[in-house]
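What Swiss-Prot says about this one:
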type	residues	note
DISULFID	C63-C80	disulfide bond
DISULFID	C66-C85	disulfide bond
DISULFID	C70-C87	disulfide bond
SIGNAL	1-19	signal peptide
Amino acid sequence: MKITILFLTLLVLSSSCTSIITKTMNSKETIYLDNPAVSPSIDQNLVDIHLGHSFVQGVMSFCYDCGKACFRRGKNLARCQKFVCRCTISKLR
């Protein structure tokens with residue numbers, strides 16, 4: 001009986017610790033893109049946006065997030081290569 005209660009107590013403690021750890025890991029990965037970028041000079045045609053992605057997430061998810069970030073700023077997606085996101089300066093029409 002004591003072994004069963006001890007086992008269940010350890011199981012509950014380990015599952016709660018696991019959920020806390022995964023919650024903190026997921027909150028660190030959240031990226032906020034609502035801050036507007038600094039307006040570029042007139043000579044530039046493209047604006048760099050650094051989203052902070054890693055190779056683990058892959059190019060497809062990076063380019064998807066890149067397009068969403070450009071759309072939020074009211075701009076078109078110009079290029080997405082080598083984990084560099086570039087939006088056009090011209091606004092959406």
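In case you wondered, yes, glycine gets a Cβ from its N, Cα and C as well.
Of all the disulfide-bonded residues listed here (C63, C70, C80, C85, C87), the one with the fewest other CB atoms within 10 A of its own CB is C63. The two recorded residues, C85 (disulfide bond) and C63 (disulfide bond), have Cα atoms 7 Å apart.
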